[in-house]
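Colleague: Have a look at the structure that comes next, please.
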Amino acid sequence: MKKKYRIIGLAVAALLFLSACGRSQVTSHSSDAWEKFVYFFAETIRFLSINGRIGIGIILFTFLIRTILLPLFNLQLKSGQKMQELQPELKALQTKYPGKDRESRMRMAEESQELYKKYGVNPYASLFPLLIQMPVLWALYQALTRVEFLKTGSFLWMDIGNKDPYFILPVLAAIFTFLSSWLTNKAAKERNGMMITMNIILPIFILLIGFNLASGVALYWVVSNAYQVFQILLLNNPFKIIAERQRLEDEARELEAKKRRAKKKAHKKRK
């Protein structure tokens, strides 16, 4: 788990570093491969813009990206659900190998891998959508700050290439990020401290970063996380999962009670 969050942290740090690189204007004549990619993003957004409304183009572009990545996000949700179900067994392994010596750690890692293999779980599946989205976010940021026809666009109360003057988008991005994390972990049988902490820290991080990002990037974040909230409710609804789990537990208890009653009845007949 710690390694996973370390990878997330490194990916975010890389995005921030790379976002600071490259300030020159990107045009259709740019020869650099990355700048061509950035310009392709810009042209795609312009194509999707209705009546020249760049904000609409960014919203439709976000829907397009999220729809393309839908299978990966679905894999992420299913893998996360299986990981949550595995937590009791993983905790049992931690109890079995409490030592910090190299041999204990190796044995615990080996048995953990066997568990993942047994249940068909990839512990890093949840990182795939994030790692794919990082270059998308970077390219979008570069397009909004280095391509003239996007940089000068406007939508509602904001200039697409500048930060939101009223900070509405960063706040919405943080809210939808929190809802997405909360819904993802809602059905977990057990919640560890790291999970709870990340549910709080990640939205705050998004909020603080969003204050200084171009409004277009913040808009992408809002739409992307709102899309994910509805996706979770549609494909992996935690309330339905909890209700189904409760139903199965009630059925198991009822079955156990019937067995006990049958044993008592049989015992009385023998008497």
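Glycine is treated like the rest: Cβ placed from N, Cα and C.
Quick caveat, the model's predicted, so the values are computed rather than measured.
What Swiss-Prot records for 1-20 is signal peptide. Residues annotated as S-diacylglycerol cysteine in Swiss-Prot, with sequence analysis given as evidence: C21. Marked as N-palmitoyl cysteine by Swiss-Prot: C21. The transmembrane segment annotation in Swiss-Prot covers 54-74, 124-144, 165-185, 200-220 and is backed by sequence analysis.
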Colleague: Hey, which bits of the same chain come close to the transmembrane segment (165-185), Cβ under 8 Å, at least six residues off its ends?
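Modeller: Residues 77, 80, 84, 157-158, 191, 195, 198-200, 202-204, 206-207, 209-211, 213, 215, 218-219, 221-222, 225-226, 228-229, 232-233, 238.
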Colleague: Using a Cβ cut-off under 8 Å, which residues of the same chain at least 6 positions beyond either end of the transmembrane segment (54-74) come close to it?
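Modeller: Same-chain contacts beyond the flanks: 41, 44-48, 128-129, 132-133, 136, 140, 150, 153-156, 160, 216, 219-220, 223-224, 227-228, 231, 235-236.
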